[in-house]
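What TrEMBL records for 397-431 is coiled coil. TrEMBL lists 287-302 with the feature compositional bias 'Polar residues'. Annotation source TrEMBL lists compositional bias 'Basic and acidic residues' at 303-313. Per TrEMBL, compositional bias 'Acidic residues' is recorded for 494-503. Summarising the annotation, TrEMBL assigns domain 'F-BAR' to 1-262. For 390-467, the entry in TrEMBL reads domain 'REM-1'. Per TrEMBL, domain 'SH3' is recorded for 506-567. Positions annotated as region 'Disordered' by TrEMBL: 281-350, 462-503.
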């Protein structure tokens with residue numbers, strides 16, 4: 001249906017309608033803008049939430065429980081989900097809001113042009129009508145004047161008292177007015193004909209053309225709204241498959257929670273490796289009493305039982321001391337070989353004999369886990385764990401190198417800032433109107449102070465890195481496993497320093513070389529194919545396993561080069577989680 005034929009006389013209403021259409025389009029654009037702002041804020045809040053609950057520690061320090069790992073997987077999926085919300089906001093910003101605002105400007109300019117053409121056509125028609133109306137009024141006036149002159153002429157022609165000159169003058173005036181009326185009539189007829197022609201062109205050509213352009217413009221506006229409605233929905237529908245994958249990842253993370261595996265990790269983390277304490281022997285406090293029938297008394301303990309008491313009861317050095325039935329008994333006399341042995345070897349007397357000291361040394365070497373070097377240093381007043389001394393050497397070197405790199409970057413930033421301040425100071429000195437050079441001196445001094453602090457920190461960490469490297473290469477026996485979480489630690493003063501550096505690491509298992517290895521790097525161990533080695537330290541995640549040859553030589557071999565068989569029940573076995 002055409003506006004030009006049906007609404008030829010509704011120019012003002014069409015003006016209002018097209019303006020309403022543009023206002024509605026801009027209102028929808030405002031709605032889209034508020035909608036994408038919501039998406040952006042939602043994505044930002046999700047990312048902040050993920051950042052808040054992400055672990056602050058490194059992956060090596062985080063527990064490896066399946067429940068923890070699954071939660072971190074959920075956080076990663078939620079972070080990806082937040083990214084998809086940002087994609088939705090970006091799509092709405094460019095393909096919907098931006099497009100609507102550009103189209104709004106174009107349609108405003110087009111509407112203004114069409115309305116100006118309509119007003120010009122109407123003004124032209126009004127001008128033609130005004131010319132026709134003026135000629136009509138003139139013709140009407142001339143006719144009235146002609147009628148008056150005719151009445152005057154007839155009155156004087158019939159008056160016998162009128163002179164001939166008066167009659168002739170009235171006759172001439174009558175002819176003149178009649179001639180002017182005829183000319184006005186012809187002009188009015190011409191103007192009327194011209195107005196009718198212009199009016200026909202106005203309502204049959206100009207107005208339909210202008211109204212058709214307005215109709216096309218309004219139709220395009222309607223179509224554009226429909227397209228942006230679709231784009232608004234498509235912006236979110238396109239991310240639905242990825243969002244579904246994020247949600248599926250969360251479900252998979254939930255399914256990955258394994259209570260048995262977590263329980264096993266707890267066991268491996270906190271088990272000490274010691275045997276449970278054996279039965280306490282009977283302590284006979286009636287040994288000083290004389291009895292007539294010694295064969296039937298309880299004090300006659302067989303020699304085999306005495307030997308089992310000696311060997312079967314393990315020293316429980318790190319556990320809670322069991323309550324003794326009484327205070328320390330007196331040391332047994334040398335002649336009472338037939339009487340049962342007391343448990344005084346668990347609670348040693350004030351003075352140790354040479355045999356007892358040797359016995360304790362042997363027990364400590366076989367049953368007590370090695371004390372990590374960092375604990376020894378702490379016991380002697382060494383620095384805190386800021387130098388990563390609590391980590392194994394390989395991990396410690398990596399962390400120290402990482403810290404050195406970070407400090408180097410910070411030092412470079414301070415140097416760049418110092419150079420920039422010096423350049424600015426030179427500019428101020430050459431152009432005092434730009435600023436005061438002395439105002440920059442405090443900032444330059446602060447930057448130089450920061451540089452000195454960073455250099456000192458770098459030197460300190462480089463020293464720790466060098467010490468750790470030399471210690472690893474020259475004294476490999478000090479590379480010990482970290483204490484297990486929850487394992488009771490003995491008082492450091494209970495161990496003499498002579499045990500620190502001379503005790504070999506316990507054997508955790510054995511391995512068979514799948515390939516030969518030349519061991520060119522310092523600290524590595526040469527091995528031949530099919531050679532069998534002892535495992536004394538497991539791989540800590542860096543790809544190297546510490547091994548010992550049957551001849552006693554120790555070093556690191558690539559984990560992928562050997563087939564490892566662990567002996568989990570051996571004393572001193574250490575498991576890293």
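Yeah, the Cβs are placed from backbone N, Cα and C, and that goes for glycine too.
Let's see these features in context: how buried, what's close, how far.
Along the domain 'F-BAR' (1-262), the predicted structure has mean pLDDT 89.
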Reported in the order helix, strand, coil, what are the DSSP residue counts of the domain 'SH3' (506-567)?
3 helix, 29 strand, 30 coil
Per DSSP, what is the residue tally for the domain 'REM-1' (390-467) in helix, strand and coil?
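DSSP composition of the domain 'REM-1' (390-467): 72 helix, 0 strand, 6 coil.
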